[in-house]
Amino acid sequence: MPEATTLRTLSDPGRAGPASRLSRLAPVHWLALAFLAAALGFAAAAWATGNGFYLRLATEALIFAGLAMSVDLLLGYTGLLSLGQALYFGLGAYVSALVLRDVAPSFWLAMAAALLAGSVAGLIGGVIANRVKGVYFALITFGLAQVAAKTVYNTRALGASDGLIGIPQIQVGFGPVSLDTADPLSFFLLVLALTVAAYAGLAYLMDAPFGRTLAAIRANEKRVPFLGFNAWRYKLAVYVLAACVAALAGALYPMLRGFVSPELMFFETSGNAVITVIVGGVGTLVGPVVGSLLLTALRSVVGSWTEHHLIVVGVIFMLSVIFLRKGLVGALLARLNRRGESGRTGS
């Protein structure tokens with residue numbers, strides 16, 4: 001969104017009423033619905049063939065898509081590059097694992113504990129990181145994640161370099177209905193539902209006044225205070241929100257794999273999330289999901305042929321930066337928008 005348009009919309013919220021928001025976001029929502037339909041079709045096919053491996057792989061991709069969406073909140077909507085989102089993803093994973101193993105095998109308790117931990121850690125990290133801007137913000141987030149990773153790596157109570165193992169499979173209760181995390185199809189559908197809910201909630205929030213303020217900060221942070229908004233508070237709020245999303249995504253990881261390790265907090269995890277967002281499409285929320293599914297599938301397929309699968313990922317990243325500046329979803333949305341504009345002009 002151009003800077004002038006962003007600031008005009010922010011100063012006059014009436015310019016972006018429900019009808020205009022729906023019209024502007026319709027292509028994104030159609031893509032989200034298409035993704036949902038494809039995911040359900042995939043689940044049906046995998047269930048019919050009895051292939052649990054691909055369901056587990058797709059579930060892992062959706063979990064890391066949650067981490068990528070948290071990066072997109074900062075990078076795509078606020079213009080903040082975080083190189084340390086793995087801190088909150090790993091924190092959520094460890095808190096969830098400890099709750100499930102040592103407290104109670106409760107899905108809701110594990111998710112609540114991860115959310116609380118992510119909120120507190122995000123608030124602390126946000127206060128520290130938002131003292132600086134630009135590349136220094138990225139370096140601070142990188143440093144915070146490195147400190148956390150090394151601390152976990154050297155803490156025996158957390159399994160040190162071996163991590164935590166023996167995380168039990170659990171039943172997830174929804175009133176009279178319960179899902180078993182040991183069942184690949186059930187857990188895939190649960191994580192898919194959570195991903196869709198996260199997308200819907202975040203998309204609504206990003207198109208609300210809160211999201212338009214973030215867009216104004218991304219466009220020109222210096223002019224935001226003249227409109228009566230405290231840019232620092234908004235950046236802190238979105239940082240905490242992103243930390244919570246990452247922590248909740250991380251909380252699902254031990255339920256899938258049955259273990260957690262310090263590698264979840266390493267820079268490779270944060271870097272992969274940034275690559276996922278750029279390949280899928282920055283500032284779309286759907287893009288991180290598509291990018292995560294694509295890159296997870298590529299790692300699995302290419303990894304079965306050679307151990308040098310990271311070369312393929314690196315090549316895809318470079319090609320995306322050079323030829324698809326807006327990522328796969330961004331390029332598709334631009335094409336759909338051009339078609340819509342030409343159709344309106346023709347009529």
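Including glycine, each Cβ sits where the backbone N, Cα and C put it.
Note that TrEMBL annotation is computational and uncurated.
Here is what TrEMBL says about this protein:
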| type | residues | note |
| --- | --- | --- |
| TRANSMEM | 28-49 | transmembrane segment |
| TRANSMEM | 61-87 | transmembrane segment |
| TRANSMEM | 107-128 | transmembrane segment |
| TRANSMEM | 135-153 | transmembrane segment |
| TRANSMEM | 185-205 | transmembrane segment |
| TRANSMEM | 236-253 | transmembrane segment |
| TRANSMEM | 273-298 | transmembrane segment |
| TRANSMEM | 310-334 | transmembrane segment |
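In terms of C-beta pairs under 8 Å, the stretch of 28-49, 61-87, 236-253 lying closest in packing to the transmembrane segment (273-298) is 61-87. Each of 28-49, 107-128, 185-205, 236-253 was scored by its Cβ pairs under 8 Å to the transmembrane segment (61-87), and the highest score goes to 236-253. The transmembrane segment (107-128) makes no contact with the transmembrane segment (185-205): fewer than 3 of their CB pairs lie within 8 A, with pairs spaced 6 or more apart in sequence.
Of the recorded ranges 135-153, 185-205, 236-253, the transmembrane segment (28-49) has the largest number of C-beta contacts under 8 angstroms with 185-205. Outside the transmembrane segment (236-253) by six or more residues, the chain places 63-67, 69-71, 73-74, 77-78, 80, 82, 85, 88-93, 95-96, 110-111, 113-115, 117-119, 121-123, 125-127, 129-130, 191, 194, 198, 202, 210, 214, 260, 264 with a CB less than 8 A from a CB of the stretch.
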